[in-house]
Amino acid sequence: MKQTKYIFVTGGVTSSLGKGIIAASLAKLLQARGYNTTIQKFDPYINVDPGTLNPYEHGECYVTNDGAETDLDLGHYERFLNKPTSQANNVTTGRVYLSVIEKERRGEFLGKTVQVIPHITNEIKERMQLLGKSGDYDIVITEIGGTVGDIESLPYIESVRQMLWDLGEENAIVIHLTLVPYLSAAGELKTKPTQHSVKTLMESGIKADILVCRTEHELSGEIKQKLAAFCNVKSEAVIQSIDADTIYDVPNLMLEEGLDRVALKKLNLPEKSLPDLKSWNDFLHRFKNPKQTVNIGLVGKYVELQDSYKSILESFVHAGAENNVKVNVVSIHSEYITPNNINDKFKGLDGVLVAPGFGSRGIEGKVLAVKYVRENKLPFLGICLGMQMAVIEFARNVLNMQNANSTEMNDSTPYPVITFMEEQKTITDKGGTMRLGGWDCAIKSNTKAFEIYQSELINERHRHRYEFNSNYLEDFEKAGMIASGYNPETNLVEIVEIPSHPFFVAAQYHPEYKSTVANPHPLFVHFVKAAMNKKLNN
Ligand code: GLN
């Protein structure tokens, strides 16, 4: 069997340097040279998965086809590579410990003292090689979350050291991402933080093979030489990562800097052909040269942190490029929408998306938003909680079901139009207990959904506990809101729409998790198109 090669990406100096984007860009280039490449992320926190983390703190929770709740970097991996990831691509310290402790309880280490080294590190190493051993990949890139020197990263760093030792020089390398800050008072770029960070890595027995240096200003040849000399790397292996206008520029920037070539050389792999980035660059061209702009309101309660709606924002980038239009996303905090200010807040919008979410904070603002778009015939896309709000709004204001609600928000509502699903009723644990991942959805013909998907059966990703209460479906359909998509096995309503409205579509699933550069999601593409038409007709 062929030897899978491993690239580890560590971070130094500070967090938020964009390890995920560097890893995804390198993977993109290697893939475009003809190497089967995958990326995985190892996170040092103790949560078993990020599903229970507040989006404010950690950004969006990304969901894979197999129903894993994962770090948002996996979204970048999929958007860049156009290949699905899975639970195996995201490991946390919590998951590692859980597994080791379960093994201990089962008696698998009987007689032994269970320790960080070797038991935790062995578990990490096993997981680091899981995808590599599947035989599906030539190259596995592993991003290590956190910053070198953090206490909590130590077992991962030690596992990387052991892997380098086990696999040998040409089979595993380390890319260290650091910051080269610019001190404007001195007018100078500073290499010292990088030197210290490389030294910290050395203390753990790891010599970086490649340095990727985040910087706001070009690194001169002299600075590169200095970094090379003090950090023990070849000067060709000092790669500049200058701030870019968009994350989608980074693969080209890394190509210019030769990151992929240096990595292949270190791994003793042939360069093969130049990366084929034609369709990527077509997308970039369309993205950067829009013919017009549309304004889309994003109504949610986590709007302060951009990362909370990462996949939605990126889906608009893909769908905008596809339509040759710039999508200007206007964040609107659902908690502060009132009947008095909604006209002002929604002025100038060509479409509105009501976002996913949990709990009752901000939901009345979401209901008001739906009422506004329904009455004013503004294009509307509802996602998950956004779809549930569309159902509640219709119940209250069209069907006159006063105080209709979801039982998530009001247990004693007289009209539980959104309710807890039967198979979930026995579940009390909050971690990993939702309806998650890819589920089939059958689409009715002669509907907007069919016009969009051009398919009778689709598969989309989910993350919810509550659902449309089908006891009310007949009432809704008679009054003009129809179910155009449903799960073929359980009949659970997956898509609702209002045929008399120019574009009113809402889905129980999350289309944003499946939009990629190569495959912009049809729901977003058509929604943006509807917003363009709205603008044209104004
Ligand atoms: N809170 C809702 C539910 O659990 C919606 C979830 C979501 O928007 N992802 O069903």
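A Cβ is built for glycine as well, from the same backbone N, Cα and C atoms used for every other residue.
For the ATP site, TrEMBL lists S16, L17, G18, K19, G20, I21, D73; matching the candidates A244, A263, A319, A321 against that entry yields A244. In the record from TrEMBL, residues Y56, G357, L385, G386, M387, Q388, R465 bind L-glutamine; the candidate from E69, E408, E451 listed for the same site is E408. Other Cβ atoms within 10 Å of the Cβ of G386 (L-glutamine binding site), summed over all protein chains shown, number 25. Ranking the recorded positions K190, R465, H510 by other CB atoms within 10 A of the CB puts K190 at the bottom. Per Cα geometry, Y56 is the residue among the binding-site residues Y56, P193, Q195 nearest to E512 (active site). Checked against ligand 1, the binding-site residues P193, G357, L385 give G357, L385 in sequence order as having a Cβ less than 6 Å away from one of its atoms. When the binding-site residues S16, G357, Q388, R465 are compared by Cα distance to K192 (CTP binding site), the shortest distance belongs to S16.
Largest Cα-Cα distance over the residues recorded as binding ATP, namely S16, L17, G18, K19, G20, I21, D73, A244, equals 18 Å.
Residues listed for CTP, S15, D150, I151, E152, K190, T191, K192, P193, T194, Q195, K226, cover a largest CA to CA span of 31 Å.
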